Every structure is written in C-alpha cells, then in structure tokens.
Amino acid sequence: MATVAERCPICLEDPSNYSMALPCLHAFCYVCITRWIRQNPTCPLCKVPVESVVHTIESDSEFKETKVSVDFDYDSEEDEDSFEGQFLAVDSGDAPANISAWNGPMAFVPLNANGTAGAPRLQPLVDWLVERLDQLFETPELALVMRNIVMDTLCEHGCNEEELTRQFWPMFHEDTVPFVTDLIVQAELCVASRPILPIARGRGVEYIDSSSSSSSSEEETDSDIEVDPNNLTDPEDTSDETSTDNSSAQAPRQEDSRPARARPGPPTRGRRRGRRPAAPGPASRRSARLRRRQPRTNSRTNGGDNGEIIDLTLDSDGDTEPADVSGSLNTTDQPVLIPDEEEAAPASPHTSSNSAIICLVSELTPESEEPPRDQPVAPSGSSAGERPMRPRCSLREFARRFMALAPRDSSTSEAAGPSRLGAGPRATEPFSVAVVLVDRSSEGAGLFGGRFAQHVRRRTEDESARRRGNVLLRPRRQSVPPVPYPDIASTSPLIRQGGQRVRDLQRAFQTQPAEPEEMRCPHNCQRYRRNQ
C-alpha cells in the first residue's frame, strides 16, 4: 500500500477518512475524492480514470472498496454520454443501468461541523432526520450524535437496506425497520430530484487551418470598410447623375406653386408669460394715465386718513410691493396714481442711462401734525372735477424729504434734537427701504454721490411667517447661564451655610495634610515597626 499523504491535494488539509484512488494509489480525503469523481471520474493528479476508491483503511487486509462503474475512455466518442447518461436517466423516467451511481455511497456527503448538510441537495434529508430523531430520542444532544452516525452510514453503504438495518439495530431496536424504510425513501428523493451533471472536459489546444484563417481575415477587412453616410447609393447602380440634378431643380418649382403662408414671428414677452400684450391704442393710454386703484379698508386704522400716498414703486412688469410691506405702514385708503411711462420720459430735463427712480412713501404736513382721523384728507392738487396733479419739486427738495422720512433709531433722533431734518413724531415710523438712482448730470448729484440706500428694516415674525407660507418656526434654544456659587452675604441663613461649606471643601482639597513622622525603635526592631 502507498504511504499516507501528509495533506489532501484537493482541500490542502490533513486527510479525514484516508482514501486512495485505484489504480494510481493517490491519497485523498474520502469526501473530496467522492465529490471529484461525481464530476470527473479521473484522478485529480495524474488524470488516469479511477476504477475504484479504497477507504476506511485499518490495515493492509482490512479496508473497504467502492467501485466506479463508469468506463471512461478518452479515445472513444461516447466518453461524455457514458457517464452523463446514468445521471440524466432519472429525468427521462428510465432507471439507470447502475443504480449505485446515484444512490450509492458516493451520492452522500457527511454533515458539516455546524450540523448542516455537506451538500445543498441533501438539506431536505437532514431536516427530516432532525424531526424524526427528536421524536425517537429524549435529549437533543443524543439526537445530534445519531444524526451524524446516520449520515456517515449513508456515506459508507448508500441506500443498501440490509446493511443499514444491520448497522442501526443496536441503536433503534424495534424502530429500525420503519426508520430505514423512510430513510431510503427520503434519501432517494433528495438524490434523484437533482441529478449531478459532470463538468465539461477540456479538449486541449485546437489548431486552426490556414485556409480558415485567411477567410476570416478577408471577412474582417470587409467589415472594416468605412461607409460614407452622405453617399448611400448602390455601387452597382450606373444611372446618370444628371437625373438627380434635374429632379432637385424641379423641386422648388413645385413648392412655389403652393400658396404661401405667413410664418409666425418670434413671440414677444409681455407682462404674463406665454401671452402677447395687445397693442396700446389712444384710449388705453388715456385710461392708463388716469387709472386708479380701488380703495381698500384697513382694519388697523379703522378707516382713518393719515396722509397722501403716491406709489411710484411699480416695476416694468407691473408687479407691486409685497402686501406685508405696505401693510406695515399706518396708512389710509387713498387712490393711487400710476404715471404713464411714455409721457414721463420727456418731462425730465436731462436724459441719461441713470434715471431717477423715486419712492415717495409719505409726505409731511407743514405743521408736522397728523390730521384728525374722522376727517378725510383730499389729495394735494386734486378736486372733485379736476385732474390730479403730479408733485413737482427739485431733487434737493426731494432729498430733504427723503432723509426726513428715512427710519432712524429713537436714541439718535432724540440726541440730534429738533434742528435735524425731518424731526417730528412721523420720523420714527417704520418705513420700507428706498433706493434712489440719481442722474450725475442733474442738480444735487453731489449730495448723494451716485447710489444712496438707507438701512433695511428688519422684518417682524408675522411678516417672515407670511413669506414662508404662514409656517411658524419654533423658537431658538437659548443657552442657560452658569449658576454661580451661593453668596455669603445673602439674607438666607441656609444659603450662607451652604456657601461656607463649599468654600471649606475647596480649601480642604487644595491643602495637602502634613505627613506624620515615622516612629522608629532605637534598636531598629521589625516587630515594633510591624505593630505600629
């Protein structure tokens, strides 16, 4: 017999259930060699067809041999059908020629270390064994041991009923016959339900004929020919090209015979996207000049009048200010005059790119007093039958009024005194921000220096909520200030005692106690030192 191999060539571990393949006598694990032979009945090392497997070797005369009934011949043309046919015959309904090829010992694999099946196809058999052995034995530990014994017996004897009955009789006694019968049925179902297919054997190096290689190269050159997408005519077509020129020349004549349709021009942008504004006529210009807004009631002022308001903040798209900005002013319901942009241009003496955009929010009365709320104030320069007049003033006068209306802090206004421009009760009202673009060539350009913007008023919580869609944010988390130590000078005696106690503890931890002097015996005896 051959010597025992140090490691299995398949799993590279110490061989369990030492086995050898005949006739080459190469040593493997029993599980590894049986799995290998089911896929390819040749030796993994020397590629010699395996005739039998010797396993459970106790001595030179005591061992077990399992024969491989497949006669594998490399030179024959039926080498694939001879081994594959015995495993695929189960699907066709015919019994295989050698039944030990699919229900013999090589069809079963021992359990893994964790108690699961060694092969996925045997897992239903292991599940059945778990249920059946739990019914026959009392403890789960004993059932686990019997499960391993049953699977090892199947790996050695296969579905041999006589041998299984003889092996299981000392353990199952009167339950041996029904258990073996059910075990064989379950084992054959698991093995026969999934026939084992062999791995395709390699044919080695295949040499290609030179004639076939030349033909393939010609096909590759034909496929590499570039095709001009502009010239897709048939190369065999020999028709004259003049016919195509004549047909192309006649094409525009046929198109000219059709009635011409007016093509729509590019869309123009109006005030609303996707709609074309109608051409303004003389009546529409006059109506735009005298257009007035409908009066709106203000619940805060209860219908009282506070002064004249001229709104000149309309942009080119016709959008007005947000409702929250205008609603924050304590104003009255006055008609608003929208000036005509076409006639306002020639009124300015100087025309330049930097035109003056005036945002006149309110106007001060000569006495700097508010009119009574019960008496409405008529607009300046307008009467019942007359057309309202535009306020005409110089740029310097407007600058003075604008700075008087600008928002400022109450502390700054009080410190400045009444000598400052616009000092009065109306100077501290919250007004919206206004930006004035001044013509540099006009009068008073040096006062502004180009662009002039006042401080932006901070929005209130209600205004911010309306801008977010009436969604209120939860208040921010405020940091808690550190709690100081209790004051000794407090009137409460409990607080004074606690503060004094805290300071005493701090003083005690900061000072270190003095080390006591070591008492020594004059004779330096260890007994005296130990007693101390």
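Cβ from N, Cα, C; glycine included.
The zinc finger feature in Swiss-Prot is assigned to 8-47. Residues or ranges marked as Zn(2+) 1 binding site in Swiss-Prot: C8, C11, C29, C32. Annotation source Swiss-Prot lists Zn(2+) 2 binding site at C24, H26, C43, C46. Per Swiss-Prot, region 'Disordered' is recorded for 206-391, 406-426, 461-498, 510-532. Annotated compositional bias 'Acidic residues' per Swiss-Prot: 217-227, 234-243, in sequence order. Residues annotated as compositional bias 'Basic residues' in Swiss-Prot: 286-295.
Annotated features, which come from Swiss-Prot, shown on the structure.
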residue: C8; record: Zn(2+) 1 binding site; Cβ within 10 Å: 21
residue: C11; record: Zn(2+) 1 binding site; Cβ within 10 Å: 14
residue: C24; record: Zn(2+) 2 binding site; Cβ within 10 Å: 16
residue: H26; record: Zn(2+) 2 binding site; Cβ within 10 Å: 18
residue: C29; record: Zn(2+) 1 binding site; Cβ within 10 Å: 23
residue: C32; record: Zn(2+) 1 binding site; Cβ within 10 Å: 20
residue: C43; record: Zn(2+) 2 binding site; Cβ within 10 Å: 21
residue: C46; record: Zn(2+) 2 binding site; Cβ within 10 Å: 9
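Under the DSSP three-state reduction, C32 (Zn(2+) 1 binding site) is assigned to helix. The record gives C24, H26, C43, C46 for Zn(2+) 2. Within 8 Å of the mean position of their Cβ atoms, the other Cβ atoms in that chain belong to A21, L25, P44, L45, K47, V48, V50. Same-chain residues with CB within 8 A of the center of the C8, C11, C29, C32 CB atoms, the Zn(2+) 1 site residues themselves not counted, are P9, I10, L12, E13, P15, S16, F28, V31, I33. Mean pLDDT of the predicted structure over the zinc finger (8-47): 85. For C32 (Zn(2+) 1 binding site) paired with H26 (Zn(2+) 2 binding site), the C-alpha to C-alpha distance reads 12 Å. Of all the binding-site residues in the list C24, H26, C43, C46, the shortest Cα-Cα distance to C8 (Zn(2+) 1 binding site) is found for H26. Distance noted between the C-alpha atoms of H26 (Zn(2+) 2 binding site) and C11 (Zn(2+) 1 binding site) is 14 Å.
Secondary structure from DSSP puts H26 (Zn(2+) 2 binding site) in a beta strand. Cα to Cα, C24 (Zn(2+) 2 binding site) and C11 (Zn(2+) 1 binding site) are separated by 19 Å.
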